[in-house]
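These notes concern the structure reproduced below.
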Amino acid sequence: MSTKKHTKTHSTYAFESNTNSVAASQMRNALNKLADSSKLDDAARAKFENELDSFFTLFRRYLVEKSSRTTLEWDKIKSPNPDEVVKYEIISQQPENVSNLSKLAVLKLNGGLGTSMGCVGPKSVIEVREGNTFLDLSVRQIEYLNRQYDSDVPLLLMNSFNTDKDTEHLIKKYSANRIRIRSFNQSRFPRVYKDSLLPVPTEYDSPLDAWYPPGHGDLFESLHVSGELDALIAQGREILFVSNGDNLGATVDLKILNHMIETGAEYIMELTDKTRADVKGGTLISYDGQVRLLEVAQVPKEHIDEFKNIRKFTNFNTNNLWINLKAVKRLIESSNLEMEIIPNQKTITRDGHEINVLQLETACGAAIRHFDGAHGVVVPRSRFLPVKTCSDLLLVKSDLFRLEHGSLKLDPSRFGPNPLIKLGSHFKKVSGFNARIPHIPKIVELDHLTITGNVFLGKDVTLRGTVIIVCSDGHKIDIPNGSILENVVVTGNLQILEH
């Protein structure tokens, strides 16, 4: 982004330039030692060295950007032009062209672990609905699409080193299904000590917590390096539909596919209207005549409240992205695919001490500014159904949705937005959630639910309107079988004894 720089003295610039030069040189030496530590065959070593080179490019850029302390010129941020954000209702009037499916491939981002929900292994293997995992639902959707239209849309999974082995093992069970599944690994970059700016790993086999997958902005490079990009283009695939593996609303949409082909756009980002729950979501802006993604991390502190104003920034990025594959190849080969760096601070434990480390990440939504004709499409909220917490899990397991060929369809009798559900720390892990809510309550008429403390729900419970259940420390609340709770607050202690 064209940005405003804070003025500095020449001596400050000279000092920072020298410091950056030393940091870059020390990093390069450390990475060379890291490469020499590997006892790999030639092909694997070349791949490892290529990853370290990519990381070094990112690290050097981080040093430059950090010392220039560039900030957005807030006054230059404009709402997107009408041609930069199109409403789904307009494009959905166009007829569908099923033959366009021969040009499509689908990719699910599958690098995340289920640790935030208390699960071991890839997040995609958490059971979501009627015995189906995230991965099962993705496979069922594409398989049904291929059967319905007699097409051959392939499914790609971008794994990380955290999920790759488990995923490779799991996808074998789909070998008899009508679907081609390919998986490849995204990069493995070294974490960096925050104080010394040196890499945490000292050898190829350093512990897992010394490394990190560098965000989904790494998608383009990893597609290219793995050979999958060229393979897709050779098959006549032109467009890649990318989405988060945990977004159950991200199904193939023929209307958006047709719109992309007819307009010749190289990149389409699906946006949806913000609610008060989405105030931190990245949004599309017009900046210096370019369409760009503005993330909350890029917003100056004094403008955060303005950024969260849902009247000024009305929609946000769902991370459902439609991307032209030949454009990706062109931009990678000309090294024109820089994305804003997101420095992510973490802590790791060494010798019983917590140590601050940095991981430098990028997001694929930020690449939008490099593609010709790139624009946003404002889609219905139904295309954004992420499962980040057990509160989300309750929603997607409920009678609010029914499962059709791997897709979740909203109950037509439901009126208004999805209910707002907030479950307390007792429900943070899937195991705790399943133990406390073994039978999902009926919530078609629910607006808001808050449950905190030692609470257990019985069978055939119905929740309507606003329901708040708060159990004090040291107590327990059992909601009896068959209860109907409507616009109530339940507090204190309620135990049902078996007779």
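Cβ coordinates come from backbone N, Cα and C, glycine included.
Taken straight from Swiss-Prot:
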type	residues	note
MOD_RES	SER2	N-acetylserine
MOD_RES	SER17	phosphoserine
MOD_RES	THR19	phosphothreonine
MOD_RES	SER21	phosphoserine
MOD_RES	SER79	phosphoserine
BINDING	LEU109, ASN110, GLY111, GLY112, LYS123, GLN186, GLY215, ASP246, LYS388	UTP binding site
BINDING	GLY111, GLY112, HIS216, ASN244, GLY245, ASP246	substrate binding site
BINDING	LYS123, ASP246	Mg(2+) binding site
MOD_RES	ARG369	omega-N-methylarginine
ACT_SITE	LYS388	active site
REGION	448-499	region 'Oligomerization'
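The recorded positions close to GLY245 (substrate binding site), defined as a CA atom within 10 A of its CA, are LEU109, GLY111, LYS123 out of SER21, SER79, LEU109, GLY111, LYS123.
Among the recorded positions SER17, SER21, GLY112, the residue whose Cα lies closest in space to that of SER79 (phosphoserine) is GLY112. Among the residues LEU109, ASN110, GLY111, GLY112, LYS123, GLN186, GLY215, ASP246, LYS388 said to bind UTP, no two Cα atoms are farther apart than 21 Å. All protein chains shown were included, and the count of other CB atoms within 10 Å of the CB of GLY112 (substrate binding site) stands at 20. For SER21 (phosphoserine), the spatially nearest entry among the recorded positions LEU109, GLY111, GLY215, ASP246, ARG369 is GLY215, judged by CA separation.
Note on proximity: among SER17, THR19, ASP246, ARG369, the recorded positions of the record, the Cα nearest LYS388 (UTP binding site) is that of ASP246. The most densely surrounded of the recorded positions SER17, THR19, SER21, SER79, ASN244 is ASN244 (count of other Cβ atoms within 10 A of its Cβ).
Straight-line distance linking the Cα atoms of GLY111 (UTP binding site) and HIS216 (substrate binding site), rounded to a whole number, equals 9 Å. According to DSSP, HIS216 (substrate binding site) sits within a helical segment. Checking each of the modified residues (SER17, THR19, ARG369) against LEU109 (UTP binding site), the C-alpha distance stays within 10 Å for none of them. DSSP assigns SER21 (phosphoserine) to a helical segment in the three-state reduction.
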